[in-house]
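Asker: Submitted below is the structure of interest, expressed as structure tokens.
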Amino acid sequence: MEYLWYVFEIIGTIAFAISGALVGVARRMDIFGMTVLALATAIGGGIIRDILVGRIPPNSLTSGLYVGITIVVTLLIFLIYRRDYRKMLTVPLMGKWSRILYLIADALGLASFTVTGASVGYILFPHMATLIVILGVVTAVGGGIIRDVLAKRIPSVLKEEVYALPSIIGGIIYYVMSIYDMEIMKAYISFMVVFIIRMLAVYFHWELPKVS
């Protein structure tokens, strides 16, 4: 199961680095600003999780892997979106396609980090269902909240189509399947459920009730 944790950590890091860098592009930030947003998105949630469970220093800061991956991804996004490089591509990168790429990457990050957060919670606190779900959600949405605050946006978790709810559902599924010793399947199924619900929410514009 440990190798799966690292696989989902890397998938989540790459996906959230893409979404963070794309927000930087949309906000017309320079390469430094894009990198800050990408790092905040990719490792912010994991840092919050590790602090909550007493992992000091946080895992993402003791290994240069996650920071390195994020920087490389940001550089690639920066190069692709530079005007000179865009002219060489046939697919329009600004507007519709950027939005699609952002939503898919963000959903992949949400799903991946729900799994890794819930996994850490189950390993450390196997009988505390609520804490396991909370750690999954915090890991999944924490970085995005930091990203949106830095970019002066209302955090997606507070206004977008259902965002935290898929993570909550994924965390619950992870815990229930853990009880029944479904060690391998719990990660895959939780991941797929979170990703599918989030993408369906975006496509069908599912929203939680509002006052008006």
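Cβ coordinates come from backbone N, Cα and C, glycine included.
Pulled these from TrEMBL:
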DOMAIN    7-81  domain 'Glycine transporter'
DOMAIN    104-177  domain 'Glycine transporter'
TRANSMEM  6-25  transmembrane segment
TRANSMEM  32-52  transmembrane segment
TRANSMEM  64-81  transmembrane segment
TRANSMEM  101-125  transmembrane segment
TRANSMEM  131-150  transmembrane segment
TRANSMEM  162-180  transmembrane segment
TRANSMEM  186-206  transmembrane segment
Asker: Are there 3 or more C-beta pairs under 8 Å linking the transmembrane segment (101-125) with the transmembrane segment (162-180), counting only pairs at least 6 apart in sequence?
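Answerer: With 3 or more qualifying Cβ pairs, these stretches touch.
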Asker: Same-chain Cβ contacts of the transmembrane segment (101-125) under 8 Å, 6 or more residues past its ends?
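Answerer: Long-range Cβ neighbours of the transmembrane segment (101-125): 1, 5, 8-9, 11-13, 15-16, 18-19, 22-23, 41-42, 45-46, 49-50, 53, 131-141, 143-144, 156, 163, 166-167, 170-171, 174-175, 178, 187, 190-192, 194-195, 198-199, 202.
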Asker: Are there residues at least six beyond either end of the transmembrane segment (186-206) with Cβ under 8 Å to its Cβ atoms? List them, or say none.
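Answerer: For the transmembrane segment (186-206), the sequence-distant neighbours (Cβ-Cβ under 8 Å, at least 6 residues beyond its ends) are 1, 4, 8, 103-104, 106-108, 110-112, 114-115, 118-119, 140, 161-163, 165-167, 169-171, 173-174, 177-178.
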